[in-house]
Every structure is written in structure tokens, then in C-alpha cells.
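Undergrad: Pasting in a structure now, in C-alpha cells, and then I'll have a few things to ask.
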Amino acid sequence: MLCLSLGRQQSAWARALLQFQPKFVGGKELVRFIHLDEADGTPYTPAGIPPYAPSLQPPAYVVRKTGFDLLKDPWCNKGSAFPRSERDRLGVRGLLPPRSLTLELQAARFMEDYYHPRHLIPPEDVKSGGVTPEMARRWKVLQELQDRNETLFYRVLFDHFTEMAPIIYTPTVGWVCVNFHKLYRRPRGMYFSAEDRGDMAAMVYNWPQQDVQAIVVTDGSRILGLGDLGINGLGIPIGKLDLYCAAAGFSPSKVLPVVIDVGTNNAPLRADPHYAGLRIPRITGPEYFAILDEFVTAAMTRWPNAVLQFEDFSIEHAVPLLERYRKHHLVFNDDIQGTAATALAGLYGALRVLAQPASALGEQRIVCVGAGSAGMGVVRMIAAGMQKQGLSFEAAASRFWVLDYNGLITASRPDLTNFVKPFARRDASHEGESLLSVVKRVKPTILLGLAGAGRLFTEQVLSAMNEGCPQQRPIIFPMSNPTSRMEATAEEAMRCTAGRAIYASGSPQPAVEMPDGRTVAVSQANNMYLFPGVALGAFLGQTRIITDRMLMAAAEELPKLVTQEDVEKGLVYPRLASIRDITASVATAVAVAAGEEGRLRGRMREKFALGPDALHTFISRSMFYPEYKALVHLPRGIDE
Ligand SMILES: O=C([O-])CC(=O)C(=O)O
Ligand SMILES: [Mg+2]
């Protein structure tokens with residue numbers, strides 16, 4: 001109701017009226033008085049003490065729950081609208097996105113979804129055949145299931161892994177991250193922001209689980225090939241940990257997805273009223289490292305046995321962070337190390353398809369487009385593989401041509417980091433050369449795409465690859481994710497190479513029907529083949545750190561798991577349907593390598609002494625399988 005009162009006399013009258021009329025009911029304003037000056041009708045604020053308007057509704061509710069229990073109770077839950085003071089009072093700090101939204105914003109977001117269900121809005125990826133509205137709808141259905149019954153969710157995922165991996169993980173997870181601030185429904189995982197400095201050691205205790213075995217953390221700075229998505233990037237750790245549970249048999253109650261909020265340089269996202277991360281440009285420099293140090297110390301103090309996976313950090317932080325922690329903690333960077341080991345495994349698989357020995361790796365000419373964390377990690381790992389085949393580091397480095405958005409990288413560049421420098425070409429006259437020109441000149445046998453910049457492998461580039469490899473089938477791995485960012489689709493690669501390419505892409509692609517009626521098989525070169533097994537082997541073995549040798553063992557194990565029948569079809573990775581067996585074998589190889597380095601502890605050390613089979617059996621039997629267990633209620637006072 002709106003009351004207009006004209007003149008000073010009426011103001012007094014209006015105040016008197018308020019004594020009898022509650023002004024607010026349930027926090028909603030019922031009556032609003034606007035006072036207008038008698039002479040000119042302009043609004044003014046009446047002098048004096050504002051009226052007292054007792055509400056018939058209580059101003060507060062008493063709750064007995066705290067933490068997650070409170071957030072799961074629909075009666076007291078406020079979602080992302082809990083104010084800061086309440087988050088501290090009720091033990092939910094860190095369980096919600098950092099910025100407090102309002103009920104009005106939440107209502108507006110709901111109405112948007114009510115009229116235009118998000119899954120019906122064509123995702124950005126749809127044109128490239130990546131994420132369709134139907135995939136987005138299925139993600140939503142699975143998400144709702146995960147929120148109400150994790151055992152059933154994992155059983156379904158377990159039984160339909162090949163079909164559902166692209167829904168809960170790449171590429172659909174890319175669409176989820178882009179829209180995370182609009183899709184946000186229930187709390188999952190933890191948020192640590194720049195404003196939490198000094199409090200993180202306490203905040204970790206808001207997480208309800210004492211036994212956390214695996215943590216995946218991102219700062220959202222380079223989400224797949226989609227760039228800076230701020231706290232929306234939390235979708236990636238969630239998807240990765242879904243795979244930890246489905247593929248590696250970690251228990252869903254013992255994994256923790258985390259996002260670190262140090263701001264975002266994505267200006268449109270920052271300005272979006274629904275975005276619930278800090279609305280500041282990214283913090284960098286010493287302050288950034290201080291925030292990360294505080295988080296790592298807090299997490300490793302409460303959960304000293306957990307394996308910590310770094311995911312989708314942009315290169316300027318990914319490399320120094322890995323170097324900072326890898327000598328002290330059970331950590332690895334999936335993009336630098338997981339993707340790299342996966343790529344090397346795929347190349348060994350491709351050599352099997354070509355009926356060449358592993359030693360032929362050192363004879364390849366490799367063009368890699370993308371010099372970020374994934375690109376340089378891959379290049380370094382393949383070079384390490386070549387060294388194992390007997391090449392010197394210099395000889396191995398000379399087999400690579402690395403390009404970034406400025407073209408071919410040569411030693412003449414003034415700003416080369418130590419990570420890139422050894423792979424810069426010596427000949428400055430080729431500085432900045434285009435991809436097409438490099439491919440025509442160098443005639444590479446292997447073309448890798450890790451730039452996250454879309455279809456860089458044009459028809460001309462693909463045709464030049466084909467022409468440059470008359471003797472052996474060209475190996476083409478467009479590894480960027482999601483589908484919209486991959487360098488070439490399978491169809492494009494096969495069309496331009498007359499079906500000769502040995503093709504593997506980061507995001508899934510269908511087999512290709514050739515005009516002559518042949519069907520050419522393609523593979524998926526995604527780190528999901530390796531990170532679950534690396535984490536499982538390292539966690540069960542409590543190896544304290546994750547070494548290059550352990551990662552190399554994982555890369556060498558994977559191609560052995562491709563059946564001869566699949567090799568003959570041109571596949572370079574094993575079938576996803578057997579992901580649990582793959583993970584168990586990778587974890588065993590990791591554990592054997594750790595055992596040889598004297599790093600295994602506990603039961604795994606005993607099993608190592610008995611041989612790889614005993615290790616494999618122990619690892620397989622340690623995996624969580626989704627089935628209902630008897631539930632026991634412990635009354636207060638009885639210890640577990
Ligand atoms: O998440 C994936 O599908 C693979 C990956 O780590 C990336 O692209 O950053
Ligand atoms: Mg990644």
C-alpha cells in the first residue's frame with residue numbers, strides 16, 4: 001500500500017496511523033508513506049524520531065542445525081543469500097559462494113528459469129555438435145539425482161559410464177561452468193576467497209567429513225579452453241571428482257571439490273548480478289601465492305593423507321604452484337602432468353597402430369599448437385619419453401616445433417619462460433611463422449592441438465599434414481576442450497586426410513563414415529584415462545609425493561591396455577567401458593614405480609613385496625562400489 005501525506009499536519013497524522021498498522025509483515029513492506037511538501041509537492045523526510053512499528057512476525061527464527069545440515073533443510077536454507085555474519089555464526093562459511101546475494105536476485109533467477117528453462121537454451125557449443133540442449137537436460141536430471149541419492153547416482157553412472165561421461169564431464173561440464181551462476185542450486189564443495197585470509201584453517205572444519213581422501217582445486221583462471229570463469233570453474237573439480245568415484249572407486253563422501261576465489265578478469269561475468277564470486281580483478285603476485293599457501297596448509301593440516309589435484313590454473317600460476325608444493329605434498333597438476341601422460345600414452349598407442357616399436361618415438365617430428373600449461377606439459381613429457389628411448393634432451397627438444405597465438409616460438413622472443421625456452425626453435429628467421437607454413441615446411445608426423453582456441457587445424461593444415469606424410473599415417477590429436485575449442489573435428493580430419501589420420505580428441509567425437517562406406521574409428525585423448533589411477537595409486541600407497549617416474553609408469557601402462565583387435569581398428573586408447581579395470585591397472589603401475597622408489601607405505605608396501613598381481617588385487621578390492629549399506633544410528637555418548 002502506498003500512502004501519500006500532504007503537509008506537516010498530515011505527517012503527524014500519518015505517524016499516528018502507523019501505531020495501529022504494522023508496517024512490515026514477514027520482512028515485506030506493507031505500507032509506505034511518502035511525505036510531500038504542502039507548498040510545492042516535493043517529497044521530504046519528516047523530522048523527529050521514526051515511528052515504531054511492531055511486527056506480528058518474529059524477527060528471527062531459532063535453528064538447532066548448523067553447517068550442511070542447515071543448508072539441506074529447505075525451511076531455513078537461504079542458499080547464496082546467507083549474510084556473512086550468519087555464515088560464521090552457523091558454520092556455513094566456505095560452503096557457499098563468497099558473495100551474498102539477495103532474495104530478490106534469487107527470485108529473479110528462478111523466474112528466468114521458470115519461463116526459459118536453461119537446458120532448452122541452445123548451449124554455445126551446440127553449433128559445433130558438442131553440447132546439445134538434450135545433453136544439458138540430462139545433466140540436470142543427473143544433478144538432481146546426485147543431490148538426493150548419491151549411491152543411486154553412482155550406480156547409474158557406473159552402469160552407463162561410456163554414455164554418461166560426456167554428460168557429467170567434458171564437454172557438458174564446460175557448458176555447466178559457463179552457466180554455473182545461473183544453474184547453482186545446492187551447495188557442493190568448498191569456496192575459499194581472498195576475503196577469507198586468516199580464517200581458512202578454521203573454515204576447513206566446516207566441511208562435515210573428517211576423512212577426506214581426494215581434493216580437486218581450481219582457481220577458475222583457465223577452465224578447459226573456455227578461459228577465465230572465476231568461481232564458476234567449480235564445475236570442473238565437481239566433474240573430476242565424479243570420475244574419481246566412478247572410475248577409481250573413491251568413496252563419494254570422501255572427496256572434496258574446491259574453488260579458490262581470487263577475483264576474475266572476465267568483466268562481463270563480474271558485472272553479472274547473479275555471479276556470486278568476488279567482483280574484483282584477479283589478485284596476482286605475492287598475495288596470490290599467500291592465499292594459495294594458506295589454503296594448501298589448511299587442507300593438508302586437516303586432511304594430511306589426501307591427494308590434492310590442481311586443475312585448470314592458467315600457466316603463469318600452474319607451473320610455479322606445482323613446483324612449490326610437489327616436493328612436500330601429495331599433489332599433481334592434471335593439465336600439466338595428467339594431460340601430458342595421456343598424450344604420451346596416446347602416441348605409444350599410435351605407434352602400435354603403425355606397427356612401430358616405442359623407440360620410434362624419437363624419430364617423429366612433432367608440431368604442437370598451444371604453449372600453455374597443457375601444451376608445454378605434453379611437450380616436456382613426450383621429450384622425457386624420447387629420452388627414455390635413448391635420445392639426449394637436446395636431441396629430443398629438436399624434434400618439436402611449438403606455436404602459440406603469435407606463431408612459431410623461436411629463441412629470439414624476449415619474454416620466454418623457463419618452461420618454454422628449451423623448446424624454442426633456434427632459427428630466429430622463422431619467428432612467428434604460421435601453422436600452415438610450419439606444417440608445409442617441416443612435414444610433421446604428429447600434430448598436437450592444445451591451444452583452446454577453436455578450429456586452428458583448417459582444411460589446408462589437415463591436407464598439408466596428409467601430403468607431408470606419404471609413408472606413414474599422420475597422427476592428429478586436437479586435444480583442446482570442450483568441443484567448441486577443439487582444433488578439428490573427427491569428420492574434418494578424416495575428410496582432409498582421406499581417412500588416413502590416426503585421430504584422438506580431448507572431447508568425444510563419433511566414428512566417421514567415409515564416402516566409400518568405410519567407418520574410421522577415433523579415440524578420445526582425455527586425461528580422465530589417467531588422473532583417477534594416478535590419484536588412487538598415490539593415495540592408497542601414501543607415497544607422500546608424486547614423482548615423474550610414477551607418471552611415466554602411468555603413461556606406459558595405458559597403451560598396453562588397448563586390445564589387439566582395437567589396435568587393428570586404429571584405436572590408440574582402451575575402451576571407456578572398462579574404465580575401472582583401466583584405473584586399477586594404471587594405479588598398480590603407479591604403485592609399482594613408487595615401490596621401486598621406496599615410497600610405498602602400509603598395506604601397499606606389503607603387497608608390493610608380493611608382486612604386481614598382489615598390488616592389483618588389493619587396489620581393485622579397495623574401490624568403492626555403489627550399493628546400499630546398513631545404516632547404524634549411534635546415540636550420543638557412544639564412541640564410534
Ligand atoms: O577436463 C578435461 O576434459 C580435460 C582437461 O583437463 C582440460 O581440458 O583442461
Ligand atoms: Mg583440466
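First residue shown is number 1, and so on along the chain.
Here the Cβ of each residue, glycine as well, is placed from N, Cα and C on the backbone.
All TrEMBL annotations are machine predictions without curation.
So TrEMBL lists these for the protein:
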{"type": "DOMAIN", "residues": "146-326", "note": "domain 'Malic enzyme N-terminal'"}
{"type": "ACT_SITE", "residues": "Y169", "note": "active site, proton donor"}
{"type": "BINDING", "residues": "R222, N481, N526", "note": "(S)-malate binding site"}
{"type": "ACT_SITE", "residues": "K240", "note": "active site, proton acceptor"}
{"type": "BINDING", "residues": "E311, D312, D335", "note": "divalent metal cation binding site"}
{"type": "DOMAIN", "residues": "336-595", "note": "domain 'Malic enzyme NAD-binding'"}
Undergrad: Between D312 (divalent metal cation binding site) and R222 ((S)-malate binding site), find the distance joining the two CA atoms and give it rounded to the nearest Å.
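TA: Between the Cα atoms of D312 (divalent metal cation binding site) and R222 ((S)-malate binding site), the distance comes to 5 Å.
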Undergrad: I'd like to know which of the binding-site residues listed (R222, D312, D335, N481) lie near ligand 1, counting only a CB under 6 Å away.
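TA: Result: D312, D335, N481.
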Undergrad: Which recorded positions are spatial neighbours of R222 ((S)-malate binding site) here, meaning Cα within 10 Å, out of Y169, K240, E311?
TA: E311
Undergrad: Taking only the residues the record lists as binding (S)-malate, namely R222, N481, N526, what is the largest Cα to Cα distance between any two of them, in Å to the nearest whole number?
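TA: Value for the max Cα separation, rounded to a whole number: 17 Å.
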Undergrad: Using the recorded divalent metal cation site (E311, D312, D335) as reference, state which further residues of the same chain have their Cβ within 8 Å of the centre of those residues' Cβ atoms, listed in sequence order.
TA: T218, R222, I223, I236, F310, F313, A318, N333, D334, S373
Undergrad: Taking each of E311, D335, N481, N526 in turn, which of these binding-site residues have a Cα lying within 10 angstroms of the Cα of K240 (active site, proton acceptor)?
TA: E311
Undergrad: Kindly state the mean pLDDT of the domain 'Malic enzyme N-terminal' (146-326) in the predicted structure.
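TA: In the predicted model, the domain 'Malic enzyme N-terminal' (146-326) has a mean pLDDT of 97.
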Undergrad: How many neighbouring Cβ atoms, not counting its own, are there within 10 Å of the Cβ of D312 (divalent metal cation binding site)?
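TA: I count 28 other Cβ atoms within 10 Å of it.
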Undergrad: According to DSSP, does D312 (divalent metal cation binding site) fall in a helix, a strand, or coil?
TA: coil
Undergrad: Consider only the recorded positions R222, K240, D312: which of them have a Cβ under 6 Å from an atom of ligand 2? Write none if no residue does.
TA: D312
Undergrad: Taking N481, N526 as the binding-site residues to compare, which has the smallest set of other Cβ atoms within 10 Å?
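TA: Taking N481, N526 as the binding-site residues, the minimal 10 Å Cβ count falls on N526.
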Undergrad: How long is the line from the C-alpha of E311 (divalent metal cation binding site) to the C-alpha of N481 ((S)-malate binding site), rounded to the nearest angstrom?
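TA: That comes out at 13 Å between the alpha carbons.
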